[in-house]
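The topological domain 'Cytoplasmic' annotation in Swiss-Prot covers 1-10, 81-94, 166-190 and is backed by sequence analysis. The transmembrane segment annotation in Swiss-Prot covers 11-31, 60-80, 95-115, 145-165 and is backed by sequence analysis. Look at Swiss-Prot and you will find 32-59, 116-144 tagged as topological domain 'Extracellular'.
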């Protein structure tokens, strides 16, 4: 069982490291997403600028990416001694990791989904409400934001995988029951 637990710890450490890297990459792309253009209005030019902080959905995604990256790094640092065989998180610690993996997956999924809706409206517009598409003018901004959102969805998938790995570690270590441990009784009709 010790090798199996170290295997789970190894998988967990690797996936957590990858998740933190993906979240940080998404965060950097979103923080760098800014574009300024000059638009012709009559005989004059007007300067327009767009950045991530103009929309609350993108700000929510920034904070969610920060939260996921920090959480993964903190848990990663805490799991390194366990992977080396020096100490293992107790039942309460494993439950906390299991729950937070799921909660943060849902938080990041909500943030990435709301940012996707805003990016869709920026790309397509909405004729019924007279919202015009801004991506034709701010193409670089839109491409950068979409890359960031895509990385956030990758991080969501990695967090979901982490939830499975942490559940396997938790239930495999503390709630193991042998398969078919209870003998079934049956009556024969004679």
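Every residue gets a Cβ built from N, Cα and C, even glycine.
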Non-local residues, at least 6 beyond the ends, that sit with Cβ under 8 Å of the topological domain 'Extracellular' (116-144): 29-30, 32-35, 37, 39, 48, 50-51, 55, 57-58
Same-chain residues near the transmembrane segment (60-80), Cβ under 8 Å, at least 6 residues beyond its ends: 9, 12-13, 16-17, 19-20, 23-24, 26-27, 30-31, 52, 89, 93, 97, 100, 104, 107-108, 110-112, 114-115, 148-149, 152, 155, 159
Secondary structure content, the topological domain 'Extracellular' (116-144) (per DSSP, counts of residues): 18 helix, 2 strand, 9 coil
Tertiary contacts of the topological domain 'Extracellular' (32-59) (same chain, 6+ residues out, Cβ under 8 Å): 111, 114-115, 117-118, 134, 137-138, 140-141, 144-145, 148
The topological domain 'Extracellular' (32-59), counted residue by residue under DSSP: helix, strand, coil: 8 helix, 16 strand, 4 coil
The topological domain 'Cytoplasmic' (166-190) [mean pLDDT, rounded to integer]: 61
